[in-house]
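The domain 'tRNA-guanine(15) transglycosylase-like' feature in TrEMBL is assigned to 34-388. Taken from TrEMBL, the feature active site, proton acceptor applies to D112. The substrate binding site annotation in TrEMBL covers D112, S113, G114, G115, F116, D166, Q210, G237. Here TrEMBL flags 268-274 as region 'RNA binding'. The active site, nucleophile annotation in TrEMBL covers D287.
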Amino acid sequence: MTEDDWRQRKEITDFQVNEISALQFEVVATCGPKARVGNLTLPHHKADTPIFMPVGTQGTIKGLTSQQLEDIGCQIILGNTYHLAQRPGPDLLDHVGGLHKFMNWNRNILTDSGGFQMVSLLDLADINEEGVNFQSPHDGSQMLLTPEHSMKIQNSIGGDIMMALDDVVSSTCPDRNRVEEATWRTLRWMDRCIASHKKQSTQNLFGIVQGGLDPHLREICLEGLIKRNCPGYAIGGLSGGESKDQFWRTVSLCTDRLPYNKPRYCMGVGYPVDLIVCVALGVDMFDCVFPCRTARFGTALVGDGSLKLRSPQFATDFNPPDVNVGGLVNEQYTRAQLHTLACKEQTGAQLITYHNICYMMKLMSDMRTAIVGNYFDKHVKNFFEQQYPDHKYPSWAVDALASVEINL
């Protein structure tokens, strides 16, 4: 079948269905129309949702040990299939028994499919029905990533959750035909992923909802993935430059349609305000490089926003970064110390990364507590008042929260 034939194919009548799930998910509390708390049991560990998952691209969170992540309370971390395939490689991971053993991590791992590199390495990628041909940014070598190859690599990595290879298009892509092509191809590739997934009893394969910012295409992808009975579902193709109004409406459309009894994962979302809004809209899982990346630039996340600790104003500030966050950094370091370290020493980036992940863990824990306690709307209002003391709230957030009966 030629590429043009694939483009013309609108109906997929012979599709694969997941028949085995290696997870259990139970919604244990709700508050308002959509916000919910769940218990997610995975092969290596239990996790509480809503949950934030730090990104460890090559099997490590830069600057932190696996034991530190466990001490902080991380329950799931991410690994990147494309980069792990480059180094240390699937053969070595097969030899040692997977990424858990390689990095001495006893809790859960989620691996992406490598699809995001279609956007981040677009100039080095050629996409067709077979898969994605990448040119390595490291040594120039070629790598053909097909759905089958992605599954093989992810089976070697051994993550508790694997993501299907999807055709990722930037959310700002102006070519609707390309977005429609990617939507249907995502479903076809989902079938190939299911068929080639060799460890269904120990690894869960999530589908990714694509469709850009077009509600009709999102509906097509949602319907197709739900028919395939995935253990969980991700909302993909966002956080790529679209307006925040488009962002929240797309998230809300997806959470309205996705099965109630399956975990919902919004990919690449990590700004605190975005997390609060998306939890209100019914999302269970999140990941983002933001907390770790911003730490490497000397920025600490705190209850009323952020602290740019390289700024001279913190040179004589002997308060902890945020006394309400807790953790080793707030117990043992002052802003003045972190200012000195962040300006000159790698240790500063490590300590601020530790603090920022502590902040994210507490942010999610506080939301879970508020939902269970049936005061999530009050919690959201308090959060926004602290972040925006002048009450100049982002209009998109006001509209999004109003849609779930939280009025700022």
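Note: Cβ is positioned from N, Cα and C throughout, glycine not excepted.
From a predicted model like this one, the values you see are computed outputs, not experimental measurements.
Counting other Cβ atoms within 10 Å of each Cβ, the lowest count among the binding-site residues S113, Q210 belongs to Q210. Around the Cβ of D112 (active site, proton acceptor), a 10 Å sphere holds 30 further Cβ atoms from the protein chains shown. Residue annotation for substrate gives D112, S113, G114, G115, F116, D166, Q210, G237. The furthest Cα pair among them is separated by 15 Å. Of all the recorded positions listed here (D166, D287), it is D287 whose C-beta has the fewest other C-beta atoms within 10 angstroms. F116 (substrate binding site) counts 20 other C-beta atoms within 10 Å of its own C-beta, drawing on all protein chains shown. Ranking the binding-site residues G114, G237 by how many other Cβ atoms lie within 10 angstroms of each Cβ puts G114 at the bottom.
The average pLDDT for the region 'RNA binding' (268-274) in the predicted structure is 97.
With respect to their backbone Cα atoms, the residue listed as 'active site, proton acceptor' and Q210 (substrate binding site) stand 15 Å from each other. In the structure as shown, the Cβ atom of G115 (substrate binding site) sits within 10 Å of 27 other Cβ atoms. D287 (active site, nucleophile) and F116 (substrate binding site) have their C-alpha atoms 13 Å apart, to the nearest angstrom. Helix, strand and coil counts from DSSP across the region 'RNA binding' (268-274) read 3 helix, 0 strand, 4 coil.
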